[in-house]
Amino acid sequence: MIVDISKWKHVFKLDPDREISDEALDRLCQSGTDAIMVGGSTGVTFDNTVDLLARVRQYEVPVVLEISNQEAIVPGFDLFLIPVVLNANDPQWIVGQHHEALKEYGAILNWDEIVTEGYIILNSEATAARLTSSRTDLDAKDVTAYARMADKLFHMPIVYLEYSGVFGDMELVRRTRSVLEHARLIYGGGIDTLDKAQQAAEVADTIVVGNIIYNDLEQALQTVNIDRTGR
Ligand code: 1GP
């Protein structure tokens, strides 16, 4: 399937390490979301990723893998998203793991299926922030500099503002979006109502809804109803 990320407005992110019933998965996949993103910070294995892929594949919705560790690279997704954590203090999460993976798979990759995400992690409490030793005390100038770095210096197609677990600063999201020329701005973190989804959708190109899926499925499903007439 050809997947056009430039059309994505709303994405559900599913964690292979968390349980989800068939009924819940059915409702998410048929909700009208633009894609299902599979990924998580910890406990993601080949087996739990294959399982989730097989279950989501029963539906028409595009399914993409956000790769967080080399052991969990599973073929068969529509796209593979590769996070590069721009504000990580640990270089493992900027180029280290990528280097290891390319030593193994570099010659056999289908580059048309691979999309780099310039991640900026902004919630110091998030597992991803701890894992990557991210420097999260950033002001708007810091964040927009990282965004330009991703967009202009490295030509990354995606800048991902990651607040995982908390709802972020929408003014900062808006400012970050405004400096991007080519890259798409993905926002994720703390979207647990339609109202927050709408606020985020007004300032970002794509919003990602994660945790609330597991805490309150009905609220999660509501977030699909954002106004799609904007950018
Ligand atoms: C996580 O950005 C996503 O990677 C979504 O965040 O889980 O807080 O919705 P939440």
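Glycine is no exception: its Cβ is also placed from the backbone N, Cα and C atoms.
Of the residues GLY43, GLY190, TrEMBL places GLY190 in the same sn-glycerol 1-phosphate site as LYS13, TYR160, LEU161, GLU162, TYR163, SER164, GLY165, GLY210, ASN211. The local packing around LEU161 (sn-glycerol 1-phosphate binding site), expressed as other Cβ atoms within 10 Å of its Cβ over all shown chains, amounts to 27. Counted within 10 Å of its Cβ, the other Cβ atoms near GLY210 (sn-glycerol 1-phosphate binding site) come to 23, all protein chains included. It is 15 Å from the Cα atom of SER41 (Mg(2+) binding site) to that of LEU161 (sn-glycerol 1-phosphate binding site). According to its DSSP assignment, TYR163 (sn-glycerol 1-phosphate binding site) is coil. Comparing C-alpha positions, ASP15 (Mg(2+) binding site) sits nearest to GLY210 among the binding-site residues LEU161, GLY165, GLY210. Highlighted here are the binding-site residues (LEU161, GLY165, GLY210) whose C-beta falls below 6 Å from ligand 1: GLY165, GLY210, in sequence order.
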